[in-house]
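**Student:** Feature annotation from Swiss-Prot assigns transmembrane segment to 90-110, 117-137, 147-167, 179-199, 211-231, 279-299, 316-336, 343-363, 370-390, 406-426, 435-455; the stated evidence is sequence analysis.
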Amino acid sequence: MATSVEADTKSQVNLKVANDGGESASETGVVDVYDDPLIHNSIRKKLDLKLLPLLSAMYLFNAIDRSNLGNAKTDGLEKDLHMKGNEYSITLVLFYVTFCLLDVPANMLLKKFSGKIMLPTLMMGWGSMTLIQCAVHNWGGLIACRLLMGAFEAGFMAGVVYYLTTFYRRNELALRISIFYGAATIAGAFSGLLAYGVFQINHPSIPGWKFLMIIEGSATILLASFAYWHLPSSVLSCKWFTEEEKHVAEQRMLHDGSIQTDEKFALKTALANLLDWKIALYAVIGISYGVASASVGNFLPQMVQRLGFGTVKTNLYTVAPYCVGCVILLAQCTSSDHFRERSTHLAGAMLLTFVGFILLITLDTEAQPGPTYFACFLLAAGAFTPSCIFHSWHNNNTPSENGRAAVTGFMVGASNSGGIISSLAFASKTAPKYIPALIVTATFQGVGIVLVLGFGAWFRWDNRRRDRVQGVRIRTGDVATVSVDDASWRWTA
């Protein structure tokens, strides 16, 4: 009969550990993890107060700068740049081309040169492109800026997710990613309020959307300059930790995060992880929820505008759904970390958005404005959570740092590619209801829900199989981080 294994099994679990010099942590290979909760709490507190806020602020501007075309469109962007037909949708598609293709290369560079260097560099690049957009006078100039912006923004989300996996344990990751990613929901609310204020400016020759680009681009560049100085490259070089905390922080990661910390960059090893069959299924799931996330991020103002509001009120009425989305995001990710469970939480979040799109498809906007606006709340409530739980999920099941760098870059690229599908689906000829686009998005979301639940069931089945082989019942957090081929490894389902 299977027996339960206590969570603290550090003295029973053999773990292959290597430091920078390649020496094992001890003769027996047993990791000595400090049990003093005060030290662990101090480490988490310092990371939560000194690392997370800056990363969240950086991603706030990442999301604002990426999605500000939605606000600019409501202020006459297309008219000022003499855009016709589907040129707005094409602009969004071209952004996603560079945004998706360069995720893996950017994350490989981050692994090689560290997040301390690469994350601020990427931010400086896209901030410059945002600022330059205020000087464009035609569609061609806008495309050039958006292509370059996509190139610089590529790898930032993946880079931060990977970067966080080198500081936080597996059961701490989803909540921290949600706090960081919650900036995207705040960005939606903040950009709506900012656009509301900026569009009140009446200048004889400069339209309001250009002032928006100037303000957002300048703020991005200033924050990137500060990040160069503030960000640490690893737990061992973190200036906020005492020597004892540095040692414990490293042991925390070895026990429940990575096979090896500060692992030397190895391109062949990193890319080899992409050949696993599970990566293809993860990628399809990423694309599925990515379509919905991009649709909400890029077109929520247009969906709200269906209610008949003018430019100012449309941007103002997008604030509340984003705020609700932020609260739901934090609640679901806290629950996901607490229960060490990903698939059911992920499917539940996707279901909210699925129902929201179904309502928008079936409701008569003019006759039922209240339910239509409620559907927008459902969209925001479920559009942002999937990214946090999904990227926590595949990182939890990839113990190698090199592997996580490659897989995270690939998965972020896959999920971002949903933006291409979304941008093509929201053709201007189907405005203002965009029914075909809503149907496409709901279909992808429905397929994704089925795949997530099936994948989670497979992980649970394989964990039970491993329990039977070993004759013990082991939970994911009961054992130190080992190779997935090790008999004691357990998947996060």
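Quick reminder: no glycine exception, Cβ is built from N, Cα and C everywhere.
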**Student:** Counting only CB pairs under 8 A, let me know which of 117-137, 179-199, 279-299, 343-363, 435-455 has the most with the transmembrane segment (406-426).
**Tutor:** 279-299
**Student:** Of the listed stretches 117-137, 279-299, 316-336, 435-455, which one has the most C-beta pairs under 8 A with the transmembrane segment (179-199)?
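**Tutor:** Most contacts with the transmembrane segment (179-199): 316-336.
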**Student:** Go through the chain and flag residues at least 6 beyond the ends of the transmembrane segment (370-390) whose CB is under 8 A from any CB in it; none is fine as an answer.
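**Tutor:** Residues 157, 174, 177-178, 181-182, 184-185, 188, 282, 285-286, 289, 292-293, 295-297, 300, 303-304, 306-307, 317-318, 320-322, 324-326, 328-329, 332-333, 336, 342, 345-346, 349-357, 359-360, 363, 411, 415 contact the transmembrane segment (370-390) from elsewhere in the chain.
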**Student:** Do the transmembrane segment (90-110) and the transmembrane segment (211-231) come close, with at least three CB pairs under 8 A (pairs 6 or more apart in sequence)?
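**Tutor:** Answer no, regions not in contact.
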**Student:** Find the member of 117-137, 147-167, 435-455 that has more C-beta pairs under 8 Å to the transmembrane segment (279-299) than any other listed stretch.
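**Tutor:** Answer, by Cβ pair count: 435-455.
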**Student:** Looking at the stretches 147-167, 211-231, 316-336, 343-363, 435-455, which one shares the most CB pairs under 8 Å with the transmembrane segment (117-137)?
**Tutor:** 211-231
